[in-house]
C-alpha cells in the first residue's frame, strides 16, 4: 500500500508485552488514536525505542516511548501494577484502542515492566504470549477509525499486572513461584534480576550451557524467579563462571513453562565448560529505590557519603548513616539499590567527601545487612531510636561502587586429595603460634610436646570479572619478623573442624601474606607474584596455590577425640574484599578420624553441601582419601 505521511492514520495495536494499535499504512511515521481522559496518576515510564515488524504486512513501526499511566486507585502505589497503556509519538502521549486486545498482549506488557503475571482487563497487534518483548509480536489487521478518530467500539487499553513477591506490598499478594523449593537461581549479577543461571538437580546446584540459549528460555527463568520477561539472554559466561556440574545443555522453551526444568534440554553436556555458562538480565518493576538514597561529595557518581531520605519532624529530609560496624555487606546493598553494581569499598570515615551541611544529621544507625536485601531500610537497624557513638559527621558511612567484582572459589578436589596428618614438635611451631595458627590449648603446652596437624593444600581460583586485590594499601601491610614477610590481609581464610551439629572443635586460620597468580588458564598472563614489593592479588582466570607444607596450612586437631566431623574452609571470612558471590566461599567435607588416621571425602562448595549426605557416615565409600600416621 502506497501512501504519504499526510494520508496515514494510525491506531495503536496491542503487542505481547507492549501495546500498539493497528496500522493503517506502512509509512515509517506513526500516529495513534488518543482519548481525552483526565486521570490523576503516577507515571511509570520506560524510555525506549521499539521496532515492530509484521511478516504478513511488511510494516516497520517506531515508537519513541511507552508508559503505564496509573489508574486513580493506583496513583500512590509502588510499584504501579495497573493503568492505561500509552505510547509517545511526535512528543505527544497517545492511548491505545482495546479492540481485539487479548490476554496474551497483556502478558507481554506486564513482563516488559518487570511483572511475572497479569490480571486480564481489556479487549483488543497479535501476540502469541511467549514473546519477551512487544517488538517480537506481529501487527494485526487494520482498525477502522470512527468520526474524530475515536476508538469505534472500544475503550483505552488498561492492563493489570501481578508483581513478584519481592516487589509486592505483602507476600500474600505476590506472584506465586512455580515451586516452593526453588529449582533455579541467579548468581554473580551486579543488579537486581540478573545473574548466571544455576539449576538444582539431585540436591546439587549446577550451571546451564549456552548452546541454543535464547531470549525465550531466559524469559522462563525470569518469570520463575518473580521478575518480568528477559531483557537479555547472555552467553559465554558474561556474568562469571560457575563451579561444579553443567546440568543442562541445548535448552529449548516454548515460553509458557512454569520452570526452566520443564523445558526440553539435552542432559549430555559433554563439550560444555564453564566458559559457556548462560546468564540472564530480567525486567524488574520500577520501585523508585534510587530516589530514597544518594551518594554525596564523591569524585564521581560511583562513590560518596551515603545519605538516606527519612522523616524528620513530620517532613522528609536527607541525613547520613552511622558508620559503627559499617562494612562490605551494607555497602553492597547501597550500590545495588542505586543500580551501581557491586561495592568496591565500605568507608567508616568520609571527612574528605564534603556533602551538604543540611544532611549532616544521622538518621539511620545500627545497620546490619545480610547482603541480599533490595534496599538499605530492609536491613536490620535501630529505626527511630538513633544510637551512634561516633556521632556521624566525618564518621558518616560511605561507599564506592563498581560494575565488576572478583569471585574466589576453592578447588574442593585438591583439598580432598592432599589431606594428611603430621605430628610436629612445639619448638618448630613458634612462628605459627605467634600468628595464631594453633589451637588455644597450645598456649599452655609444654615446649617439648607435639601438636597433631591436619594438613592440606588449597587452590583458590578467581572466577569473577575483576582481579582480587587486598583492601589495604601496601603502606599499611603488617610486617611479621618471624616469617620475614608482609601480611596484606590479616585473615584470609578460616580452617575449622566441626561436630555434626556444627559446633567448632578445632580451628586454624591463614593470613594472606602472599596473594599471587600461581597458574592461569590458557591465554591469560600472570600479573601478581609473591614478593615483599609490588602488587599482590589474583587475576581473573588465575589461581593461587597454598601448598600443604607451608606454615599455617593446617588445622590443629591435637585435642579432638576420634569420631565423625565436618571439615570447613572459609575464604575471605570477614568480607574484607567485596566479591560478586559469597555463597561459594565455603567448602565443607565429611571427615572420619579414628585417632591415627583421617578420611576426607564428599568435599563440596557452598550450598552444594547437602544435608542428606550425612548418611554416608554409616557407609564410608571405598574411594575416599585417607592417610595413616
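In case you wondered, yes, glycine gets a Cβ from its N, Cα and C as well.
Remember, TrEMBL labels are computer predictions, not curated facts.
Per TrEMBL, the feature transmembrane segment maps to 12-30, 37-59. Here TrEMBL flags 68-162, 184-283, 293-402 as domain 'SRCR'. Marked as disulfide bond by TrEMBL: 127-137, 253-263, 369-379.
Ranking the disulfide-bonded residues 253, 263 by C-beta neighbours within 10 Å puts 253 at the top. Residue 127 (disulfide bond) and residue 263 (disulfide bond) are 21 Å apart (CA-CA, integer value). Every protein chain shown contributes to the tally, and the Cβ of residue 127 (disulfide bond) ends up with 25 other Cβ atoms within 10 Å. Sorting each residue of the domain 'SRCR' (184-283) by its DSSP state yields 16 helix, 38 strand, 46 coil. Counting in whole angstrom, residue 127 (disulfide bond) lies 17 from residue 253 (disulfide bond) by their C-alpha atoms. The average pLDDT for the domain 'SRCR' (184-283) in the predicted structure is 90. Just so you know, the Cβ of residue 379 (disulfide bond) picks up 19 other Cβ atoms within 10 Å once every protein chain is counted.
For residue 369 (disulfide bond), the Cβ neighbour count at a 10 Å cut-off comes to 21, with all displayed protein chains included. Taking only the Cα positions, the spacing between residue 253 (disulfide bond) and residue 369 (disulfide bond) is 37 angstrom.
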